[in-house]
Amino acid sequence: MVKICCLGAGYVGGPTMAVIALKCPEIEVAVVDISVSRINAWNSDELPIYEPGLEEVVKQCRGKNLFFSSDVEKHVMEADIVFVSVNTPTKTQGLGAGKAADLTYWESAARMIADVSKSDKIVVEKSTVPVKTAEAIEKILTHNSKGINFQILSNPEFLAEGTAIQDLFNPDRVLIGGRETPEGAKAMQALKDVYAHWVPVERIICSNLWSAELSKLAANAFLAQRISSVNAISALCEATGADVTQVSHSVGTDSRIGPKFLNASVGFGGSCFQKDILNLVYICECNGLPEVANYWKQVIKINDYQKNRFVNRVVSSMFNTVSGKKIAILGFAFKKDTGDTRETPAIDVCKGLLGDKARLSIYDPQVSEEQIQRDLSMKKFDWDHPIHLQPMSPTAVKQVSVVWDAYEATKDAHGLCILTEWDEFKNLDYERIFDNMQKPAFVFDGRNVVDAEKLRKIGFIVYSIGKPLDAWLKDMPAVA
(Lines of atoms letter the chains of each structure in order from A and count residues from 1; the text may use other names and numbers.)
(Lines give C-alpha, C1' and ligand atoms only; values in the text may rest on other atoms or scores of the structure.)
Protein backbone atom coordinates (compact mmCIF):
# COMPACT_ATOMS: atom_id res chain seq x y z
CA MET A 1 0.00 0.00 0.00
CA VAL A 2 1.40 3.38 -1.01
CA LYS A 3 1.55 5.79 1.92
CA ILE A 4 1.37 9.52 1.49
CA CYS A 5 2.06 12.05 4.23
CA CYS A 6 1.45 15.79 4.00
CA LEU A 7 3.25 18.23 6.30
CA GLY A 8 0.94 21.16 6.97
CA ALA A 9 -2.83 20.95 7.52
CA GLY A 10 -3.77 24.31 6.03
CA TYR A 11 -5.75 25.59 3.05
CA VAL A 12 -3.62 23.57 0.62
CA GLY A 13 -2.71 20.41 2.52
CA GLY A 14 -6.14 19.62 3.98
CA PRO A 15 -8.33 19.80 0.83
CA THR A 16 -5.67 18.34 -1.52
CA MET A 17 -5.06 15.29 0.64
CA ALA A 18 -8.78 14.78 1.28
CA VAL A 19 -9.41 14.58 -2.46
CA ILE A 20 -6.44 12.26 -3.06
CA ALA A 21 -7.82 9.96 -0.32
CA LEU A 22 -11.30 10.06 -1.89
CA LYS A 23 -10.06 9.30 -5.41
CA CYS A 24 -7.41 6.74 -4.40
CA PRO A 25 -9.02 4.43 -1.82
CA GLU A 26 -6.00 2.10 -1.91
CA ILE A 27 -3.59 4.86 -0.81
CA GLU A 28 -3.26 5.72 2.88
CA VAL A 29 -3.08 9.49 3.36
CA ALA A 30 -1.96 11.20 6.58
CA VAL A 31 -2.07 14.95 7.10
CA VAL A 32 0.22 16.04 9.92
CA ASP A 33 0.80 19.37 11.64
CA ILE A 34 2.59 20.48 14.79
CA SER A 35 -0.46 22.56 15.75
CA VAL A 36 -2.52 20.19 17.92
CA SER A 37 -5.53 22.52 17.92
CA ARG A 38 -5.59 22.52 14.12
CA ILE A 39 -5.42 18.72 13.94
CA ASN A 40 -8.18 18.43 16.57
CA ALA A 41 -10.33 20.68 14.40
CA TRP A 42 -9.74 18.48 11.33
CA ASN A 43 -10.86 15.49 13.43
CA SER A 44 -14.00 17.27 14.67
CA ASP A 45 -17.31 18.32 13.12
CA GLU A 46 -16.06 21.92 12.89
CA LEU A 47 -13.32 21.86 10.25
CA PRO A 48 -10.72 24.63 10.59
CA ILE A 49 -11.42 26.01 7.11
CA TYR A 50 -14.61 26.65 5.18
CA GLU A 51 -14.66 25.44 1.60
CA PRO A 52 -17.83 24.34 -0.25
CA GLY A 53 -17.88 20.52 -0.54
CA LEU A 54 -14.87 19.96 1.72
CA GLU A 55 -16.78 18.62 4.71
CA GLU A 56 -18.50 15.87 2.67
CA VAL A 57 -15.17 14.69 1.24
CA VAL A 58 -13.44 14.64 4.64
CA LYS A 59 -16.30 12.80 6.34
CA GLN A 60 -16.35 10.15 3.60
CA CYS A 61 -12.67 9.26 4.02
CA ARG A 62 -11.68 10.22 7.56
CA GLY A 63 -10.73 7.18 9.61
CA LYS A 64 -10.68 4.92 6.51
CA ASN A 65 -7.70 6.02 4.45
CA LEU A 66 -7.47 9.67 5.54
CA PHE A 67 -5.93 10.51 8.90
CA PHE A 68 -5.13 13.78 10.67
CA SER A 69 -2.39 13.56 13.26
CA SER A 70 0.09 15.65 15.24
CA ASP A 71 2.52 12.71 15.37
CA VAL A 72 4.55 14.23 12.56
CA GLU A 73 7.68 12.07 12.71
CA LYS A 74 5.89 8.71 12.74
CA HIS A 75 3.92 9.44 9.58
CA VAL A 76 6.86 11.00 7.75
CA MET A 77 8.97 7.96 8.56
CA GLU A 78 6.33 5.55 7.20
CA ALA A 79 5.50 7.51 4.04
CA ASP A 80 6.65 6.78 0.48
CA ILE A 81 5.70 10.25 -0.74
CA VAL A 82 5.95 13.31 1.53
CA PHE A 83 4.14 16.49 0.46
CA VAL A 84 5.46 19.62 2.15
CA SER A 85 2.81 22.30 2.47
CA VAL A 86 4.19 24.58 5.16
CA ASN A 87 3.99 28.37 5.44
CA THR A 88 6.33 30.44 3.27
CA PRO A 89 5.75 33.95 4.64
CA THR A 90 7.41 37.09 3.30
CA LYS A 91 10.54 38.01 5.28
CA THR A 92 10.02 40.97 7.60
CA GLN A 93 13.67 41.58 8.43
CA GLY A 94 17.17 40.83 7.17
CA LEU A 95 18.20 40.19 3.58
CA GLY A 96 15.27 40.67 1.19
CA ALA A 97 12.91 41.97 3.91
CA GLY A 98 9.46 42.83 2.56
CA LYS A 99 9.98 40.80 -0.62
CA ALA A 100 11.87 37.53 -0.23
CA ALA A 101 10.16 34.36 0.95
CA ASP A 102 11.09 33.19 4.43
CA LEU A 103 12.04 29.54 4.09
CA THR A 104 12.62 28.87 7.80
CA TYR A 105 9.69 26.43 8.07
CA TRP A 106 10.68 24.72 4.84
CA GLU A 107 14.23 24.19 5.97
CA SER A 108 13.26 22.76 9.35
CA ALA A 109 10.78 20.44 7.57
CA ALA A 110 13.56 19.20 5.25
CA ARG A 111 15.95 18.60 8.15
CA MET A 112 13.27 16.70 10.06
CA ILE A 113 12.51 14.51 6.99
CA ALA A 114 16.22 13.70 6.66
CA ASP A 115 16.44 12.92 10.39
CA VAL A 116 13.55 10.49 10.67
CA SER A 117 13.64 8.75 7.28
CA LYS A 118 14.67 5.10 7.19
CA SER A 119 13.66 4.41 3.57
CA ASP A 120 13.85 6.17 0.19
CA LYS A 121 11.32 8.97 -0.24
CA ILE A 122 9.86 11.29 -2.82
CA VAL A 123 9.59 14.79 -1.33
CA VAL A 124 7.05 17.03 -3.05
CA GLU A 125 7.00 20.83 -2.80
CA LYS A 126 3.38 21.83 -2.44
CA SER A 127 3.77 25.31 -0.92
CA THR A 128 4.42 28.20 -3.26
CA VAL A 129 8.17 28.60 -3.14
CA PRO A 130 10.71 30.72 -4.97
CA VAL A 131 12.54 29.27 -7.95
CA LYS A 132 15.56 27.20 -6.89
CA THR A 133 14.10 26.22 -3.49
CA ALA A 134 14.07 22.58 -4.59
CA GLU A 135 17.81 22.77 -5.13
CA ALA A 136 18.37 24.07 -1.59
CA ILE A 137 16.10 21.40 -0.11
CA GLU A 138 17.87 18.74 -2.17
CA LYS A 139 21.21 19.84 -0.70
CA ILE A 140 19.90 19.64 2.87
CA LEU A 141 18.45 16.18 2.27
CA THR A 142 21.49 14.74 0.48
CA HIS A 143 23.97 16.13 3.02
CA ASN A 144 21.97 14.52 5.83
CA SER A 145 20.81 11.44 3.99
CA LYS A 146 22.64 8.57 5.77
CA GLY A 147 22.56 6.61 2.51
CA ILE A 148 18.84 7.14 1.84
CA ASN A 149 17.79 8.40 -1.59
CA PHE A 150 15.52 11.41 -1.82
CA GLN A 151 13.91 12.68 -5.02
CA ILE A 152 12.55 16.23 -4.96
CA LEU A 153 9.52 17.14 -7.05
CA SER A 154 7.70 20.43 -7.45
CA ASN A 155 3.91 20.09 -7.67
CA PRO A 156 2.50 23.61 -7.30
CA GLU A 157 -1.17 23.99 -6.42
CA PHE A 158 -3.45 26.12 -8.57
CA LEU A 159 -6.50 26.10 -6.31
CA ALA A 160 -8.89 29.03 -6.12
CA GLU A 161 -10.48 29.40 -2.71
CA GLY A 162 -14.23 29.02 -2.74
CA THR A 163 -13.94 26.47 -5.57
CA ALA A 164 -10.97 24.43 -4.29
CA ILE A 165 -12.79 21.08 -4.21
CA GLN A 166 -14.12 21.54 -7.76
CA ASP A 167 -10.63 22.64 -8.86
CA LEU A 168 -9.17 19.47 -7.37
CA PHE A 169 -11.84 17.22 -8.91
CA ASN A 170 -11.44 18.79 -12.32
CA PRO A 171 -8.14 20.69 -12.63
CA ASP A 172 -7.11 22.66 -15.74
CA ARG A 173 -3.71 21.04 -15.33
CA VAL A 174 -1.55 19.23 -12.79
CA LEU A 175 2.07 20.33 -13.01
CA ILE A 176 4.91 18.08 -11.86
CA GLY A 177 8.51 19.25 -12.04
CA GLY A 178 11.47 17.01 -11.39
CA ARG A 179 15.11 16.34 -12.17
CA GLU A 180 15.85 15.32 -15.75
CA THR A 181 17.52 12.07 -14.64
CA PRO A 182 16.28 8.44 -14.71
CA GLU A 183 15.57 8.64 -10.95
CA GLY A 184 13.80 11.98 -11.40
CA ALA A 185 11.65 10.57 -14.21
CA LYS A 186 10.72 7.58 -12.05
CA ALA A 187 9.68 9.83 -9.16
CA MET A 188 7.59 12.01 -11.51
CA GLN A 189 5.89 8.89 -12.84
CA ALA A 190 5.04 7.74 -9.29
CA LEU A 191 3.29 11.04 -8.56
CA LYS A 192 1.67 11.06 -11.99
CA ASP A 193 0.19 7.62 -11.21
CA VAL A 194 -1.51 9.07 -8.11
CA TYR A 195 -3.18 11.92 -10.02
CA ALA A 196 -4.02 9.69 -13.00
CA HIS A 197 -6.63 7.96 -10.79
CA TRP A 198 -8.97 10.81 -11.75
CA VAL A 199 -7.14 13.40 -13.88
CA PRO A 200 -6.94 12.76 -17.66
CA VAL A 201 -3.29 12.00 -18.49
CA GLU A 202 -3.10 14.80 -21.08
CA ARG A 203 -3.75 17.32 -18.30
CA ILE A 204 -0.76 16.13 -16.25
CA ILE A 205 2.21 18.21 -17.41
CA CYS A 206 5.79 17.24 -16.58
CA SER A 207 8.64 19.78 -16.68
CA ASN A 208 11.98 20.48 -15.08
CA LEU A 209 12.04 21.65 -11.48
CA TRP A 210 12.63 25.34 -12.14
CA SER A 211 9.93 25.61 -14.80
CA ALA A 212 7.39 24.12 -12.37
CA GLU A 213 8.43 26.47 -9.55
CA LEU A 214 8.35 29.53 -11.79
CA SER A 215 5.06 28.56 -13.48
CA LYS A 216 3.20 28.99 -10.19
CA LEU A 217 4.62 32.46 -9.52
CA ALA A 218 4.03 33.50 -13.13
CA ALA A 219 0.41 32.26 -13.16
CA ASN A 220 -0.45 34.25 -10.03
CA ALA A 221 1.37 37.32 -11.34
CA PHE A 222 -0.60 37.18 -14.61
CA LEU A 223 -3.93 36.85 -12.77
CA ALA A 224 -3.16 39.70 -10.37
CA GLN A 225 -1.99 41.81 -13.31
CA ARG A 226 -5.40 41.43 -14.98
CA ILE A 227 -7.14 42.67 -11.83
CA SER A 228 -4.79 45.66 -11.52
CA SER A 229 -5.26 46.42 -15.23
CA VAL A 230 -9.05 46.60 -14.94
CA ASN A 231 -8.79 48.53 -11.65
CA ALA A 232 -6.50 51.09 -13.31
CA ILE A 233 -9.10 51.49 -16.07
CA SER A 234 -11.84 51.86 -13.41
CA ALA A 235 -10.18 55.05 -12.13
CA LEU A 236 -10.16 56.45 -15.66
CA CYS A 237 -13.82 55.44 -16.12
CA GLU A 238 -14.83 57.45 -13.06
CA ALA A 239 -12.89 60.46 -14.34
CA THR A 240 -14.46 60.33 -17.81
CA GLY A 241 -18.00 59.04 -17.19
CA ALA A 242 -17.38 55.64 -18.79
CA ASP A 243 -18.72 52.46 -17.15
CA VAL A 244 -16.04 49.88 -16.29
CA THR A 245 -18.54 47.00 -16.48
CA GLN A 246 -19.30 47.86 -20.09
CA VAL A 247 -15.62 48.37 -20.92
CA SER A 248 -14.50 45.08 -19.34
CA HIS A 249 -17.37 43.20 -20.99
CA SER A 250 -16.40 44.53 -24.37
CA VAL A 251 -12.68 43.81 -23.77
CA GLY A 252 -13.49 40.32 -22.47
CA THR A 253 -15.40 39.31 -25.61
CA ASP A 254 -12.07 39.32 -27.46
CA SER A 255 -11.25 35.60 -27.55
CA ARG A 256 -7.54 36.34 -27.10
CA ILE A 257 -8.27 38.08 -23.79
CA GLY A 258 -11.34 36.27 -22.42
CA PRO A 259 -13.75 37.46 -19.71
CA LYS A 260 -12.24 36.03 -16.52
CA PHE A 261 -10.59 38.19 -13.84
CA LEU A 262 -11.87 41.42 -15.38
CA ASN A 263 -14.15 42.57 -12.55
CA ALA A 264 -13.17 45.96 -11.16
CA SER A 265 -13.13 46.00 -7.37
CA VAL A 266 -11.64 47.57 -4.28
CA GLY A 267 -8.54 45.41 -4.89
CA PHE A 268 -7.27 41.83 -4.88
CA GLY A 269 -6.47 39.86 -1.74
CA GLY A 270 -5.73 36.27 -0.79
CA SER A 271 -2.66 34.55 0.53
CA CYS A 272 -0.74 34.27 -2.74
CA PHE A 273 -1.07 37.13 -5.19
CA GLN A 274 0.87 39.80 -3.33
CA LYS A 275 3.30 37.36 -1.75
CA ASP A 276 4.09 35.65 -5.05
CA ILE A 277 4.59 38.91 -6.93
CA LEU A 278 6.91 40.25 -4.21
CA ASN A 279 8.77 36.99 -4.49
CA LEU A 280 8.99 37.31 -8.27
CA VAL A 281 10.25 40.89 -7.87
CA TYR A 282 12.96 39.74 -5.47
CA ILE A 283 14.08 36.91 -7.75
CA CYS A 284 14.29 39.36 -10.67
CA GLU A 285 16.36 41.78 -8.60
CA CYS A 286 18.68 39.00 -7.45
CA ASN A 287 19.21 37.97 -11.06
CA GLY A 288 20.11 41.48 -12.18
CA LEU A 289 16.78 42.25 -13.89
CA PRO A 290 15.61 45.55 -12.33
CA GLU A 291 13.37 46.50 -15.31
CA VAL A 292 11.48 43.22 -15.00
CA ALA A 293 11.22 43.67 -11.22
CA ASN A 294 9.77 47.18 -11.61
CA TYR A 295 7.24 45.96 -14.15
CA TRP A 296 5.74 43.46 -11.69
CA LYS A 297 6.00 45.87 -8.74
CA GLN A 298 3.54 48.12 -10.53
CA VAL A 299 0.80 45.45 -10.20
CA ILE A 300 0.98 45.76 -6.41
CA LYS A 301 1.25 49.56 -6.51
CA ILE A 302 -2.01 49.82 -8.48
CA ASN A 303 -3.68 47.45 -5.99
CA ASP A 304 -2.58 49.65 -3.07
CA TYR A 305 -3.67 52.75 -5.01
CA GLN A 306 -7.14 51.26 -5.55
CA LYS A 307 -7.63 50.60 -1.81
CA ASN A 308 -6.44 54.12 -0.90
CA ARG A 309 -8.66 55.64 -3.57
CA PHE A 310 -11.67 53.84 -2.08
CA VAL A 311 -10.95 55.13 1.44
CA ASN A 312 -10.40 58.66 0.10
CA ARG A 313 -13.69 58.48 -1.78
CA VAL A 314 -15.54 57.46 1.40
CA VAL A 315 -14.01 60.23 3.49
CA SER A 316 -14.29 63.02 0.92
CA SER A 317 -17.93 62.16 0.13
CA MET A 318 -18.91 62.44 3.77
CA PHE A 319 -17.92 66.10 4.21
CA ASN A 320 -14.25 65.16 4.40
CA THR A 321 -14.51 63.52 7.81
CA VAL A 322 -15.68 60.19 9.19
CA SER A 323 -14.55 60.97 12.72
CA GLY A 324 -16.99 59.47 15.24
CA LYS A 325 -19.34 58.31 12.44
CA LYS A 326 -20.58 54.75 12.35
CA ILE A 327 -19.71 53.04 9.07
CA ALA A 328 -21.03 49.57 8.26
CA ILE A 329 -18.61 47.17 6.61
CA LEU A 330 -20.37 44.36 4.74
CA GLY A 331 -17.92 41.56 3.98
CA PHE A 332 -14.43 41.02 5.35
CA ALA A 333 -13.19 37.86 3.58
CA PHE A 334 -11.07 38.52 0.48
CA LYS A 335 -13.77 37.02 -1.75
CA LYS A 336 -17.11 35.25 -1.43
CA ASP A 337 -17.51 31.57 -0.47
CA THR A 338 -14.46 31.50 1.78
CA GLY A 339 -13.74 32.50 5.36
CA ASP A 340 -10.17 33.44 4.41
CA THR A 341 -9.10 36.98 5.28
CA ARG A 342 -5.44 36.81 4.30
CA GLU A 343 -4.39 40.06 2.57
CA THR A 344 -8.08 40.97 2.16
CA PRO A 345 -8.52 44.54 0.91
CA ALA A 346 -10.98 44.99 3.80
CA ILE A 347 -8.04 45.19 6.22
CA ASP A 348 -6.48 48.23 4.54
CA VAL A 349 -9.86 49.90 3.96
CA CYS A 350 -10.84 49.41 7.63
CA LYS A 351 -7.45 50.62 8.85
CA GLY A 352 -7.74 53.67 6.60
CA LEU A 353 -11.17 54.53 8.01
CA LEU A 354 -10.04 53.86 11.58
CA GLY A 355 -7.09 56.20 10.92
CA ASP A 356 -9.72 58.89 10.33
CA LYS A 357 -11.39 57.92 13.63
CA ALA A 358 -14.46 56.19 12.18
CA ARG A 359 -16.47 53.68 14.24
CA LEU A 360 -16.86 50.42 12.30
CA SER A 361 -19.59 47.80 12.50
CA ILE A 362 -18.51 44.73 10.53
CA TYR A 363 -20.55 41.79 9.26
CA ASP A 364 -19.27 38.81 7.29
CA PRO A 365 -21.19 35.51 7.15
CA GLN A 366 -18.02 33.39 7.48
CA VAL A 367 -15.46 35.38 9.47
CA SER A 368 -15.37 35.35 13.27
CA GLU A 369 -14.97 38.39 15.49
CA GLU A 370 -11.71 36.98 16.83
CA GLN A 371 -10.29 36.73 13.29
CA ILE A 372 -11.36 40.28 12.36
CA GLN A 373 -9.87 41.75 15.54
CA ARG A 374 -6.68 39.80 14.99
CA ASP A 375 -6.39 41.00 11.37
CA LEU A 376 -6.93 44.64 12.31
CA SER A 377 -4.32 44.62 15.07
CA MET A 378 -1.67 42.41 13.47
CA LYS A 379 1.45 43.67 11.76
CA LYS A 380 1.83 43.14 8.03
CA PHE A 381 2.94 39.58 7.10
CA ASP A 382 2.33 38.23 10.66
CA TRP A 383 -0.70 36.31 9.37
CA ASP A 384 1.48 33.99 7.33
CA HIS A 385 3.22 32.40 10.28
CA PRO A 386 1.70 29.28 11.87
CA ILE A 387 -1.11 30.22 14.23
CA HIS A 388 0.74 29.21 17.40
CA LEU A 389 3.56 31.62 16.48
CA GLN A 390 1.23 34.59 15.94
CA PRO A 391 0.73 37.19 18.70
CA MET A 392 -1.50 35.45 21.23
CA SER A 393 -4.29 37.85 22.10
CA PRO A 394 -3.91 41.02 20.11
CA THR A 395 -5.41 44.11 21.70
CA ALA A 396 -8.95 44.54 20.43
CA VAL A 397 -9.56 47.62 18.33
CA LYS A 398 -12.07 49.62 20.37
CA GLN A 399 -13.79 51.43 17.51
CA VAL A 400 -14.72 48.10 15.89
CA SER A 401 -17.77 46.00 16.65
CA VAL A 402 -18.47 42.73 14.85
CA VAL A 403 -22.12 41.80 14.39
CA TRP A 404 -23.97 38.82 12.97
CA ASP A 405 -26.34 40.41 10.52
CA ALA A 406 -26.28 43.15 7.90
CA TYR A 407 -29.25 45.04 9.35
CA GLU A 408 -27.59 45.31 12.75
CA ALA A 409 -24.37 46.50 11.09
CA THR A 410 -26.12 49.25 9.12
CA LYS A 411 -28.44 50.52 11.89
CA ASP A 412 -27.70 54.21 12.59
CA ALA A 413 -24.74 54.14 10.20
CA HIS A 414 -23.83 57.13 8.06
CA GLY A 415 -22.42 54.95 5.30
CA LEU A 416 -22.05 51.34 4.28
CA CYS A 417 -19.13 49.79 2.39
CA ILE A 418 -19.52 46.51 0.53
CA LEU A 419 -16.09 44.86 0.53
CA THR A 420 -16.89 41.20 -0.32
CA GLU A 421 -19.23 40.06 -3.09
CA TRP A 422 -21.32 37.67 -0.97
CA ASP A 423 -24.54 36.83 -2.87
CA GLU A 424 -26.69 37.73 0.12
CA PHE A 425 -25.66 41.39 -0.19
CA LYS A 426 -27.45 41.61 -3.53
CA ASN A 427 -30.75 40.63 -1.95
CA LEU A 428 -30.85 42.70 1.23
CA ASP A 429 -33.89 44.85 1.94
CA TYR A 430 -32.23 48.17 1.16
CA GLU A 431 -35.41 50.17 1.90
CA ARG A 432 -35.31 48.85 5.46
CA ILE A 433 -31.57 49.63 5.66
CA PHE A 434 -32.15 53.17 4.34
CA ASP A 435 -34.88 53.84 6.90
CA ASN A 436 -32.55 52.86 9.75
CA MET A 437 -29.49 54.84 8.60
CA GLN A 438 -28.45 58.43 9.29
CA LYS A 439 -29.13 60.82 6.39
CA PRO A 440 -27.69 61.48 3.91
CA ALA A 441 -27.14 57.72 3.62
CA PHE A 442 -24.16 56.57 1.57
CA VAL A 443 -23.41 53.24 -0.13
CA PHE A 444 -19.85 52.60 -1.29
CA ASP A 445 -19.93 49.45 -3.37
CA GLY A 446 -16.40 48.05 -3.60
CA ARG A 447 -17.55 44.99 -5.58
CA ASN A 448 -20.24 46.38 -7.90
CA VAL A 449 -22.86 43.99 -6.51
CA VAL A 450 -25.82 46.34 -6.01
CA ASP A 451 -28.08 47.98 -8.55
CA ALA A 452 -26.98 51.59 -8.08
CA GLU A 453 -30.00 53.11 -9.85
CA LYS A 454 -32.43 51.18 -7.66
CA LEU A 455 -30.62 52.38 -4.53
CA ARG A 456 -30.59 55.99 -5.74
CA LYS A 457 -34.37 55.80 -6.17
CA ILE A 458 -34.63 54.71 -2.51
CA GLY A 459 -32.62 57.79 -1.55
CA PHE A 460 -29.03 56.57 -1.15
CA ILE A 461 -25.99 58.40 -2.47
CA VAL A 462 -24.15 55.59 -4.25
CA TYR A 463 -20.52 55.18 -5.27
CA SER A 464 -19.76 52.14 -7.45
CA ILE A 465 -16.20 51.47 -8.57
CA GLY A 466 -15.56 52.51 -12.17
CA LYS A 467 -19.14 53.74 -12.75
CA PRO A 468 -20.31 57.24 -13.73
CA LEU A 469 -20.31 59.34 -10.56
CA ASP A 470 -23.35 60.43 -8.60
CA ALA A 471 -23.84 64.24 -8.90
CA TRP A 472 -23.06 64.49 -5.17
CA LEU A 473 -19.67 62.82 -5.64
CA LYS A 474 -18.71 64.96 -8.63
CA ASP A 475 -18.76 68.01 -6.36
CA MET A 476 -16.43 66.31 -3.92
CA PRO A 477 -13.38 65.08 -5.82
CA ALA A 478 -11.59 62.10 -4.30
CA VAL A 479 -8.27 63.45 -3.14
CA ALA A 480 -5.35 61.34 -4.28
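Backbone N, Cα and C atoms are what each Cβ position is placed from, and that goes for glycine too.
These features come from TrEMBL:
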BINDING   8-13, Asp33, Arg38, 86-90, 127-128, Glu161, 272-275, Arg342  NAD(+) binding site
ACT_SITE  Cys272  active site, nucleophile
DOMAIN    328-452  domain 'UDP-glucose/GDP-mannose dehydrogenase C-terminal'
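Annotated features, which come from TrEMBL, shown on the structure.
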residue	record	contacts (Cβ under 8 Å, 6+ apart)
Gly8	NAD(+) binding site	Val31, Asp33, Val84, Ser85, Val86, Asn87, Lys126, Ser127
Tyr11	NAD(+) binding site	Ile49, Glu51, Leu159, Glu161, Ala164, Ser271, Asp340
Cys272	active site, nucleophile	Thr128, Asn220
Gln274	NAD(+) binding site	Ala224, Phe268, Ile300, Asn303, Glu343
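DSSP places the residues of the domain 'UDP-glucose/GDP-mannose dehydrogenase C-terminal' (328-452) in helix, strand and coil in these numbers: 43 helix, 19 strand, 63 coil. The number of other CB atoms found within 10 A of the CB of Thr90 (NAD(+) binding site), across every protein chain shown, is 20. Per-residue pLDDT, averaged over the domain 'UDP-glucose/GDP-mannose dehydrogenase C-terminal' (328-452), rounds to 90. With a 10 A radius on its CB, Asp33 (NAD(+) binding site) counts 25 other CB atoms from all the protein chains. Glu161 (NAD(+) binding site) has a Cβ environment of 24 other Cβ atoms inside 10 Å.
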